[in-house]
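Here the structure comes first, spelled out in structure tokens, and everything after it is commentary.
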């Protein structure tokens with residue numbers, strides 16, 4: 001038998017083996033729908049999630065979560081396509097990270113005019129407001145997000161963990177897990193440590209099961 005015949009025979013055997021073994025079958029075409037989570041996406045508790053600022057390629061993924069509320073901690077305003085997506089899916093965006101004419105018009109109910117540097121860390125008042133939204137199960141399923149899903153989101157989730165009774169070492173470890181190669185910010189960790197968790201107003205009739 002020639003080398004050519006041997007090669008053809010071997011090829012036929014390989015095809016037969018592939019047909020009989022599902023693990024060897026090649027995918028003929030890519031999936032029709034690409035499901036891509038936002039940067040640094042991670043579940044926090046049941047129906048509570050965290051991530052970086054979502055983009056258009058993440059919308060199919062977000063649809064699967066059936067979100068009711070997005071807690072927006074990013075210092076910049078959302079893109080128009082994201083606002084349209086949220087409106088089409090009846091998702092309420094709560095603006096906590098930015099306080100300006102845009103956010104006041106949308107959701108931020110306040111009678112005060114506040115000037116905020118977009119590069120500043122969150123202050124105690126904004127953390128308190130964020131946590132009071134999180135501890136209300138009527139807002140669920142809920143996504144907490146900021147620009148990269150690191151420091152602002154990490155601050156709020158860190159204070160939430162303290163509210164849950166976590167020790168500071170565990171809180172710090174979780175925060176740094178999302179900060180990447182640059183590591184955590186000492187000012188963020190100090191803010192988490194010093195935050196007055198007793199200032200958070202919790203309605204016992206609306207508290208999530210994992211906090212009871």
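Each residue, glycine too, has its Cβ placed from N, Cα and C.
What Swiss-Prot records for 146 is active site, phosphocysteine intermediate, and it gives sequence analysis as the kind of evidence. Marked as compositional bias 'Basic and acidic residues' by Swiss-Prot: 12-22. The domain 'Tyrosine-protein phosphatase' annotation in Swiss-Prot covers 40-208, and the record cites sequence analysis as its basis. Annotation source Swiss-Prot lists region 'Disordered' at 1-27.
Long-range Cβ neighbours of the residue listed as 'active site, phosphocysteine intermediate' (same chain, at least 6 residues apart, Cβ-Cβ under 8 Å): 52, 53, 72, 73, 74, 75, 97, 152, 153. For the domain 'Tyrosine-protein phosphatase' (40-208), the model gives a mean pLDDT of 88.
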